[in-house]
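Residues annotated as coiled coil in TrEMBL: 66-170, 208-256. As annotated by TrEMBL, compositional bias 'Basic and acidic residues' applies to 333-364. The annotation domain 'DUF4200' is assigned in TrEMBL to 67-183. Per TrEMBL, region 'Disordered' is recorded for 329-379.
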Amino acid sequence: MERSYILSELKIWFLFEFLHAIHPFIFHYNEQFFVEQKQNFPKSLNTFRRHYPEWDLVKGEPEIELMRVRRELLTADLELQAKREEHQQRRELANRQWQELREKENLLRRSFLRFDEFVKENREKRERAVRKIRDEKERQKIREAEIAELEKNLEYLEKVRDEMQNYVEEYKPFQQYLETVLETKEFQSIAEIFNRYETLIAARATLVQNQDDNLQALENTTAQLQKMTEEKSQSLMDLNSRLAQLQSRHEQARAKSLHWETVVSKVKEVASRKELEETQVRACIWNLYRQICRRKGVAVEAKRDDLEQQLLHVKRTILELGKIVSAAKRKTAREEKQKKLERTAAANKDEKCPADLRREETRSSFRSSFDGTRSFRRN
């Protein structure tokens, strides 16, 4: 029993070593068990030798071997099932990866379409921005014309103010005269003169306020125009920068497209060349097959497209010709050997009669022809 146990342990150990060397992933899930068994193998032998003396050994029986074989079969089935599960998992992983690749391809196509739409939208936006800038320039010209008109009005109002001040200074000597007017019947009282004065002051204040409002409106309009000009200039610079980036990306995409178009044209060229070579090879095989059939006097049975049958017929013909050549070589060798024998016999022809010599020559020629015919038929 110790010998059979040692042999079984050695077989298991060598089997694990062989399978692990062929494919390291066959028993990766039970690798720790394999290492422990490999390390404990000498210990188990020593333990077995200590506890089982030679006089108490049990001879190997078929039931024990059958149980061991069943255990190995069960282990192999479990390992096979685990391997199948692992293969199924890898297959599912590969399917998921293929699905992800298809999704990425669809995403790339959609991104390309969106990029095309984005380029079109940017072109439209640029055109709108150009139109808007042109409109803003026209409005700026209009505002400048309005500013010029307001400045003219301002100059006119300032001139009016100066004139009024001059008038006041000019008519100041007449104040006394106005005071003396009170004595006349035109104004009934001093209040009427004050009312007239306040009316004139209110009119002057109204004019001054209108002038200030116009100046403030002019300043506000100028500031708004300056701010609007700066904003539109910055927006135009941003749009020009984005346009340059998009043009660069467009050039890169166009270069890649040209590269892949060149690759596709090269592949088509190689495919056409291979197709031409295949057509030439088929034509050569067909001509060789027809020549063989014509020389053998056999009808052409295979179709022109049936390349396999043509090659088989050519192969059989070549093998037959090879056998015929071998038979001819053997026959030539036998004839040379026979000639040597005849030359040897010619040296001793004085000792034999002419009838015996003729009989031997006839027998040897008949034997050589019979052997050649039999070997040819056998081949």
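Note that Cβ sites are derived from N, Cα and C of the backbone, with glycine treated the same way.
Where the annotation comes from TrEMBL, it is an automatic prediction and has not been curated.
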DSSP assigns the residues of the domain 'DUF4200' (67-183) as 114 helix, 0 strand, 3 coil
In the coiled coil (208-256), averaged pLDDT is 89
